[in-house]
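Per Swiss-Prot, thiamine diphosphate binding site is recorded for 92, 133, 134, 135, 165, 166, 193, 302, 384. Per Swiss-Prot, the feature Mg(2+) binding site maps to 164, 193; the stated evidence is sequence analysis. Residues or ranges marked as compositional bias 'Basic and acidic residues' by Swiss-Prot: 1-13. Here Swiss-Prot flags 1-23 as region 'Disordered'.
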């Protein structure tokens, strides 16, 4: 067991990094294989202590990683990574994996600028054969690798670790169905950390799992294949049925077996004496796809996380001894909270309002809605495609559905947005959280593309909130809009602190607002860059450049009158948005070109997120790097005017 020394940390409690004598001998999985098997439980305890200490300093995903410590040790002990491919679904449980694969010396840089990613990442390590952060992709990727191995005549194993929550997404079943049809050799580890499928039943379950993974039991399947080869394909169905019937006497049939997987388990995912022999047997025996059902506990080994798994899924920095998480200084309410409270307020007035989330009730704020309206709140699981079409179905019957989905996750349901909502002009309301840069979660969670992929659709209305008061207006506007689909986007984090109206106002569709009058420079903002535009306007004014600032509010439909006025009355027009190329600025440029407003010397400069996937950092640093802060806006204006010296100083 690891020990805690006494030493002062910034929390004021006495503690220091844990003692990890066995773990200190392991830099890579090849070192792990030199540890005697009977010492693996101690190594796992040291690995767990190291992870707790690291995440206490960085924040991040804690519970999931603690739940797979023993599984991680066993997988790297038995399989020959990186030659064997080990894929972690989502990747937020991969912190122990990172520690064992040459990244321990950087583990306290998790999710920091220039540090380790909070997820698996191909460019970070050869031990990460497939990057992840969105769920339910591992089996598909693993199957692709397994088929590539067969095509090239290789011998490596491919292992995909997927959680029971991720199995709520259809993609996982599509991959399993394909794997079964191909009869490809693929090992899937089902990490069941909610005991939502079936718990283990003690020693007998472990015995059956160990037996089922060995040669004798797998022989039933092999016998069936040999009979088929001798008797011909006409007998294949009858033989398969007989084999499955024989196996059913031992463990019973399962959905996984119906898909063509050999099913082992459930087994205790924290018992290395059970895990290691089963994984060894699976490694050394059989062909075709196999699923090992492992039951684990989120937060295992850290009492605060065991007692409140939901609160310790993703954590801020925390005190290891007490479990108390660091709290940010009290400030303005978060955009997420303002959205949720505004939606609850509207739902009190309108029984047709229903709320839908795809496994993110807390992240989207809909847990507040669910408390007051449990019968009108729907968590559909990690199933964004279903969420959107489910909302469309509700809309056909006169309800007013709000689908609250992160920008990055709505990408998973784009065809449903197009085919099931926009083409049919159904009034589904999309509350798009985490718009723009999101900080520590990096490129995989960045909300860069929603304006570009939504504003191109006929019938769609797209709004972006400049502050939390505007967000309340947009919730009310969306609730009132029955003419077709409507979306509104807002960022992660706290609002600006502006006074909130008692209730939001219904905005006129396609109309923006002037928030500052000027005569030479026009800054047209979509979203929360408005605050930086106001700061930039002050700096430009001080330099003798009278500046107008406008809040577009709508990316679609555009406020044509506002844009015409800004173009005709100013020398420079800068559009500013928290999105990719092809979004709001592109629509404005298209409009200006079509109207002939680019032919009279107007200097237009669209400011967008750079055409790269930016790694994690603090959001304010990311916006500065992208040139989307006040300094970047000022620099752009000076450059447009040909004032290179001033631009360089900005």
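Every residue gets a Cβ built from N, Cα and C, even glycine.
Feature annotations (Swiss-Prot) mapped to structure.
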| residue | record | DSSP class |
| --- | --- | --- |
| 92 | thiamine diphosphate binding site | coil |
| 134 | thiamine diphosphate binding site | coil |
| 164 | Mg(2+) binding site | coil |
| 193 | thiamine diphosphate binding site | coil |
| 384 | thiamine diphosphate binding site | helix |
Completion exercise
Ranked by how many other Cβ atoms lie within 10 Å of their Cβ, the binding-site residues 164, 384 are led by 384
Problem - Distance, residue 164 (Mg(2+) binding site) to residue 384 (thiamine diphosphate binding site) (CA atoms, angstrom) - result: 16
Fill in the blank from the handout: Students should find that the Cα atoms of residue 134 (thiamine diphosphate binding site) and residue 164 (Mg(2+) binding site) sit apart, in Å rounded to an integer, by 14
Handout entry: Alpha-carbon distance [residue 92 (thiamine diphosphate binding site); residue 164 (Mg(2+) binding site)] in Å
Key = 14
Exercise for the section: Could you list the residues of the same chain, at least six apart in sequence, whose Cβ is under 8 A from the Cβ of residue 92 (thiamine diphosphate binding site)? Expected result: 60, 61, 64, 65, 118, 119, 133, 314
Practice task
List the same-chain residues at least 6 positions away in sequence whose Cβ sits under 8 Å from the Cβ of residue 193 (thiamine diphosphate binding site), in sequence order, or say none.
Solution key: 64, 67, 163, 164, 295, 296, 297, 298
Completion exercise
For residue 165 (thiamine diphosphate binding site), the same-chain residues 6+ apart in sequence with C-beta under 8 angstroms from its C-beta are 135, 194, 359, 381, 382
